[in-house]
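**Student:** Have a look at this one.
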2 protein chains.
Amino acid sequence: MTDTKKTVYTFGSKKAQGNAQMKDLLGGKGANLCEMNLLGMPVPPGFTISTEMCALYSAGGRSIVLNRIKDEVQTAITEMESQMGNLFGSNTEPLLVSVRSGSRASMPGMMDTILNLGLNDKSAEGLANKTGNPRFVWDSYRRFIQMYSEVVLHIKPLNREAKNPFEEIIEELKKVKNIKLDNEFTAEDLKEIVYLFKSMVKKVSGTDFPSDPWEQLWGAITAVFDSWMNERAVYYRQLNNIPEDWGTAVNVQAMVFGNMGINSATGVAFTRDASTGENIFNGEYLINAQGEDVVAGIRTPQQISLEGSKRWATSAGVSEDERFEKFPSLEETMPKIFKELQDIGLRLEEHYRDMQDIEFTIQEGQLWMLQTRNGKRTGAAMVKMSVEMFEEGILTEKEALLRVQPERLDELLHPVFEKNNLEKAVVLGQGLPASPGAASGQIVFFAEDAVKWAEEGKTVVLVRLETSPEDLKGMVAAQGILTARGGMTSHAAVVARGMGKCCVSGAESFRINYKTRTLKCGDIELKEGDWISLDGSTGKIYKGQITTTAATLSGDFDALMNMTDNHATMKVRTNADTPQDAEAARRFGAQGIGLCRTEHMFFEGDKIKAVREMILAEDKVGRNAALAKLLPMQRQDLEGILWAMEGLPVTIRLLDPPLHEFVPHEEASQKEMAEEMDISVAVLQEKIRTMHESNPMLGHRGCRLGNTYPEISEMQTRAIIEAALNLKKAAIKTFPEIMIPLTGTPAEMEMQKKIVNKTAEQVFREYGQRIDYKVGTMIEVPRAALVADKIARSAEFFSFGTNDLTQMTFGYSRDDTGKFLPFYLENGILENDPFQVLDQKGVGQLMKMAAAKGLSERPDLKLGICGEHGGDPSSIEFCHSIGIDYVSCSPFRVPIARLAAAQAAIKNHKQIESESFNSQPELLEI
Amino acid sequence: MTDTKKTVYTFGSKKAQGNAQMKDLLGGKGANLCEMNLLGMPVPPGFTISTEMCALYSAGGRSIVLNRIKDEVQTAITEMESQMGNLFGSNTEPLLVSVRSGSRASMPGMMDTILNLGLNDKSAEGLANKTGNPRFVWDSYRRFIQMYSEVVLHIKPLNREAKNPFEEIIEELKKVKNIKLDNEFTAEDLKEIVYLFKSMVKKVSGTDFPSDPWEQLWGAITAVFDSWMNERAVYYRQLNNIPEDWGTAVNVQAMVFGNMGINSATGVAFTRDASTGENIFNGEYLINAQGEDVVAGIRTPQQISLEGSKRWATSAGVSEDERFEKFPSLEETMPKIFKELQDIGLRLEEHYRDMQDIEFTIQEGQLWMLQTRNGKRTGAAMVKMSVEMFEEGILTEKEALLRVQPERLDELLHPVFEKNNLEKAVVLGQGLPASPGAASGQIVFFAEDAVKWAEEGKTVVLVRLETSPEDLKGMVAAQGILTARGGMTSHAAVVARGMGKCCVSGAESFRINYKTRTLKCGDIELKEGDWISLDGSTGKIYKGQITTTAATLSGDFDALMNMTDNHATMKVRTNADTPQDAEAARRFGAQGIGLCRTEHMFFEGDKIKAVREMILAEDKVGRNAALAKLLPMQRQDLEGILWAMEGLPVTIRLLDPPLHEFVPHEEASQKEMAEEMDISVAVLQEKIRTMHESNPMLGHRGCRLGNTYPEISEMQTRAIIEAALNLKKAAIKTFPEIMIPLTGTPAEMEMQKKIVNKTAEQVFREYGQRIDYKVGTMIEVPRAALVADKIARSAEFFSFGTNDLTQMTFGYSRDDTGKFLPFYLENGILENDPFQVLDQKGVGQLMKMAAAKGLSERPDLKLGICGEHGGDPSSIEFCHSIGIDYVSCSPFRVPIARLAAAQAAIKNHKQIESESFNSQPELLEI
């Protein structure tokens, strides 16, 4: 029995056997070529071999696939011949074809393409005669031989040092002919190159270059299938989560040529402005050129619209006369074709309900469409287009929301470097893009200097090996932060993101010398005061000053954010430790604070002194004395934050880090502290020695502190409750939620809750007033997730601390992943950095378990997430799926989270409705 | 409606309303008193108030309980009166009673007891007349007043410093009377004391001491119920996992007196020797004495058997004449009663099928039984009795196995201090009992010195702040190891247990000064060369030298071990890194190696140099050169181990610790190393600096090393396979199992497996020979448990690394738990140290999940455990319950594990069979 299922789908002359819905089977390119035919648009005829044949090829091999498709391909070629009026393999009027890959998801440049297939010595002569353009024909032929030899016959340089054998031949002939550029070759020269190429190929491969067009075609088809598994394609798929079994289709299409004279042209058009999102038809073209030439940048491309052309001339400093003479628009040179192209563009946009990126060729006055696809765009454009298309009635609100990639909103929220300046700048090196934005400033190496210099009116960048909470003030004062160590979730990275401040972390190749106050990157040495610039979105570090442009939020942005509220079911809170952060987040639409880290308030001025007194205290009496000093300061800070969040819930976490984080580790600072505390350095150092921990991440911290030193929890609870009661006097409503960190056993939670409730009742009695408050816990220790039902007996809410939960579930210290995590990501051991994208299979499994167990014990348990993942769209979608009530993230990620939450709700709803929105999968490609 | 359920159970005159099966209702004491009656033994009559009334008392209070039991108690008292021939409350012939607690589990000394209840001024006079022994009566009366006042009326010292008011009165009277000892008081003196006591009670409590025996009785009963909830009882229950809702019973029993003259006596007897286990009836007694006197040690107790008496005289240096005169045996003084007692003892042992601990009183020539219970015994006795009782047909093999507490075998395996010397020794301090045994030696502070001194023939104890793998040789050379830091699973503890060497860790109060080579403990300072002694079973540290006696294993021990093989379904392997360890474990019956840590081989001589060369290598070429030097050394070591385990499986773990563990951290050693490696100290220190990790536990180690430096895994695999092939040539069968450490993702395992298999195939080709081997992984990262099904696709076995799994599941660094774990254990936040006893609820949940997931993917997956818990009996039982195939533990725990494995199998089986073995719950008490 033979499988009689169709394997080849033809298109041409406004007919097609496929359509845009069939991307899985025909790939994006093939499906859209069919669709354009069905829309009655001019498309060179051709056919698509289905992606199913790619799977068959992988499993069964060459001959099985060729047997399977042979008849259908031959029939399809015959159809193309009749439409194009020439013959495949003819010596006089040959049909030339392109063979291109095209998978479901766009994988630009990853797989192989072969153009001008069908040429051989005889047909080249015939075509030269027919076109009267032998130079073009021999040039096409030699290009075909090189492309085919490389892709199908695998004739490549032997190693990295070796020259490309084809380039070598060309270089030699240039010497002989004493010319410099390829386009100085005559037709005869190119013919000689063809001869030399073929001889070389025979010498290397042992056989003649195939002159039979059919043999060429079968070779090219199988080469495209092969390219699905080439190294860079496999890597790209890993990087972009594209399944291997999708496979690629093969598109065989009649060649059309934009280089057949002044009536020919080739170009690219966009239905809207990909940079700003404006609804303006635009693009570039070149007369008498092939597609490659537009990309290659040898000639300056011309604008297709007159308006665009004029704008271009202004910015490029070209006079109107020069512009009209040398760089006229398509609207001027071929007005009728421009109109036709614009009409097609608008129809395609309306049809696909998205901005289109179109490739076209004009061959001797006739317009041909070669490709259409949803266009890539900037974040700003994404927002503008979505909002406008919704207003124009093209998209529904849900569709408009789904059309914006949440991550891309980042581009709107942070300053960026001016493009022109950036291009000239010297790149010093590369770090991790820890916190987006652009910053330029003078180098300082110490937090105190950052503060001092900033007070003097200087703009500074703080450069450190790594930062610690002691550096907080300096980080506030600096424009940006650069660290040589630490990952995406290092102290510097986390704090900077919280502030919306640019940060590049883990620039491992940089050598920082605190003594000489210098920074070395390769051979370049910078000293204190020198200018440096950081791009926190790319991780690039530049020498010198680069001007930045500030972020401005458009009305479209506000409109989009308003839309999110109509759909999101999860709330979005923020992680904020200061009234300023809280206010910033509230402006972005935060609906509360999900994580207020009390320890971050401990580093300023008198507070750190009192904290250190507490740490050095020999007993509870001494600790209580120090805590009594801290109480009013802590209460005042909390009043500010609770006030800033008036009417909204504020989750306040009790002290979390190990106490040794509050004492200095450098000898100079230790001396200073000893003096201030009026003790000997030796005594202080002995104390610090006894506090040392081998693995502080897993040490004496979180509720382990609060339980062994209950007086700390008591003071903090008192500060919270007193702050809320003081605000109540001023008629300010607050909803404090007290959060216990690092709970691992039900008894730990129970003990902390007792301390909190007892203290609160005490304060209520003193004030003669009550307020409502909740007591809950972080779920950040794996064991807490495993016994979450028991913990829920005393916890009124859970907040998933996915940073620590990820550290402990994987057994990764986020400060120490530098030595293997990059390798793991490159080699596909991990799909994503689990500190950025939630590991749903492992960590997520624990979260799901904890949520279910917690709700089984306490049905009204409130569930939140306050780890870094609370600002990551895919993680937010997962949170929605397991029933989380709110996500919490740094202020500048609130808009992203709001959009992601709305999308999660819409997608979840969509799964229940039918799949009506077809261009959705394309979102992946943008 | 009234609840008519019985609440009081009477016994006496060979009748009883209860029996030994009713321990839950009547407590151990009450049930056994009933049982002895039913067996026709002479027991003073009495009754037991059921444990249910304790629960009712806790819930409903005093009056509800008294109402409920009143009638039944009165009826029971009447019954006692008729049997004893006297009257409760009579002035002339009063019935006196004791009121004692008695719960299901023995809680010695935890609850309150009242004796001689029923006395008042009038009945005391009457009784004095009747017995003609006023001194005895007034002495009993004053004791009763003190006991009753303290227990029921709560008249106690006001604070710790204050004197006991009763003792104060006695002291004062002694001064007045100018006497020194209590027994110098005359009857009149005692009568005065009674008067003074009662006055003081009235003054303090405001009311008269109750003279109504009924009021006394109700007060005593409720006081016993109260004592169930007293602080020390609650603490004891927490410590011993006794549920609160079990409650206590109350036993009211007619008093009998052993102090009524030379025809009276009191004593304790054991049916077998509790120390050696020998089948010899033995015990002690005193003529004309009360029970307290035997315990108080004022008079020297006499032996009950003649043989025992003679043995005692020999060891105490007492001549036969003196013995016969002053310390005759009961067998001699009251031969008939001795015979009666011995018969009863034998009957009880036969009846309870266990060694009995009996209390008896002889009142004027009549023997009364006051208590029988299963006797406590030493580990050696436990083994001997079990084996002999099986041989005697008293116990089945299963019962005999269940009768031995696995932990107690430890006593048989390690040397102990000679008791006499120990009593004289000065205790320096207390550490953790990290590795059992006793050691005496001269103090050395450095591993090199330990080696040197040992070579010179000295016996040394290595004293360190903490040990690291660099100290290994020194640990081998030392008799014992003492560290000031680190817990039960610190490096020192783990390695010492592996060697079966005595170790005390975490002696936090000790100050070690490496520079001055001194050790300070309080005011005592010891220096290098001074003698010190360690008890690794108790954690006690002694000054000076104490002689030890070596462990000797008896034939009974072997017999017991052989029995285990008839029942255990889990196999027992050992953790061993040297042929010596492997051989030791094999002698103890290990059935393979479950964990061979390859890194432990890296610290000796040339090996450490090659390892360091590898670490310092700039690139793969350099690393390969160093690895090539390591290969033959590693292969040779492995040949030794594989040979020692000929015919048995050997699980070899690839390199696990972070590489920085192999470089020195002290400056002096760094200088030495730099010299040896021929590099500058600065370069070395810079390298060490770049290797530094914030949390090494969660850093670049395990398969993260093996994947980023595949050449290390390749070398190790080659060493393993070559070793096995070399042994194959010598016809030695080996079964290597290659174990990948720290797997967290399926891809990590897959990548390591590929490296292993590829290398193995390469070696097979080179040798032209093959061997069988397996590749599997540790499950020690929480995520590995969560995705165990995926990991099982490439892993042929799992071995639970419960040390690290516990660290990561709890988020505890075992090196850093000192600051909160003791507090957590004391305050009941944790029931057990999770590094010693497997946390079944958390870590165990992950293990169960991993086992099920793994088996679902690979039904023949082999499951083992190689963490410390592999040697802990309760953890072993859990392992059995989740289907683990083998446990692996340090050589000296192999016997314990074998017994625990057998018990787990028997218990598991028993749950399916009926509950026929009633004395089982008593095992808890031993």
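Indices start at 1 and increase along the chain as displayed.
Backbone N, Cα and C atoms are what each Cβ position is placed from, and that goes for glycine too.
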**Student:** Among B:Glu618, B:Glu672, B:Glu780, B:Glu826, which residue does TrEMBL annotate as binding substrate together with B:Arg597, B:Arg653, B:Gly801, B:Thr802, B:Asn803, B:Asp804?
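**Tutor:** The candidate from B:Glu618, B:Glu672, B:Glu780, B:Glu826 that TrEMBL ties to substrate along with B:Arg597, B:Arg653, B:Gly801, B:Thr802, B:Asn803, B:Asp804 is B:Glu780.
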**Student:** In sequence order, what residues of the same chain, 6+ apart, have a Cβ less than 8 Å from the Cβ of B:Arg653 (substrate binding site)?
**Tutor:** B:Leu595, B:Cys596, B:Arg597, B:Thr598, B:Met739, B:Ile740, B:Pro741, B:Met778
**Student:** Return the residue, from the listed binding-site residues B:Thr802, B:Asn803, with the maximum count of other C-beta atoms within 10 angstroms of its C-beta.
**Tutor:** B:Thr802
**Student:** Helix, strand or coil for B:Arg653 (substrate binding site)? Use DSSP.
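**Tutor:** Assignment for B:Arg653 (substrate binding site) reads strand.
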**Student:** Other than its own, how many Cβ atoms are within 10 Å of the Cβ belonging to B:His491 (active site, tele-phosphohistidine intermediate)?
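**Tutor:** I count 22 other Cβ atoms within 10 Å of it.
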**Student:** Determine, for the substrate site, the additional residues of the same chain whose CB lies within 8 Å of the mean position of the CB atoms of B:Arg597, B:Arg653, B:Glu780, B:Gly801, B:Thr802, B:Asn803, B:Asp804; present them in sequence order.
**Tutor:** B:Leu595, B:Asp656, B:Pro741, B:Met778, B:Ser799, B:Phe800, B:Leu805, B:Cys866, B:Gly867
**Student:** So of B:Glu780, B:Asp804, which of the binding-site residues has the fewest other Cβ atoms within 10 Å around its own Cβ?
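**Tutor:** Ranked by other Cβ atoms within 10 Å, the binding-site residues B:Glu780, B:Asp804 bottom out at B:Asp804.
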**Student:** Given B:Glu780 (substrate binding site) and B:His491 (active site, tele-phosphohistidine intermediate), what distance in Å do their CA atoms have, once rounded to a whole number?
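**Tutor:** Their Cα atoms are separated by 18 Å.
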**Student:** Need the DSSP three-state call for B:Asn803 (substrate binding site) to compare against my parser.
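**Tutor:** Helix, per DSSP.
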**Student:** With DSSP as the yardstick, break the domain 'PEP-utilising enzyme mobile' (B:459-539) down into helix, strand and coil residue counts.
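**Tutor:** Tallied per class, the domain 'PEP-utilising enzyme mobile' (B:459-539) gives 18 helix, 30 strand, 33 coil.
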**Student:** Including all protein chains displayed, how many Cβ atoms other than that of B:Gly801 (substrate binding site) lie within 10 Å of its Cβ?
**Tutor:** 29
**Student:** For the substrate site as recorded (B:Arg597, B:Arg653, B:Glu780, B:Gly801, B:Thr802, B:Asn803, B:Asp804), determine the largest distance between any two Cα atoms, in Å, rounded to the nearest integer.
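**Tutor:** Overall maximum Cα spacing for these binding residues reaches 15 Å.
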**Student:** Taking each of the recorded positions B:Arg597, B:Cys866 in turn and counting other Cβ atoms within 10 Å of its Cβ, which one has the fewest?
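**Tutor:** Lowest Cβ count within 10 Å among the recorded positions (B:Arg597, B:Cys866) is B:Arg597.
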**Student:** For B:Gly801 (substrate binding site) and B:Cys866 (active site, proton donor), determine the Cα separation and express it in whole Å.
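**Tutor:** Here the two Cα atoms lie 6 Å apart.
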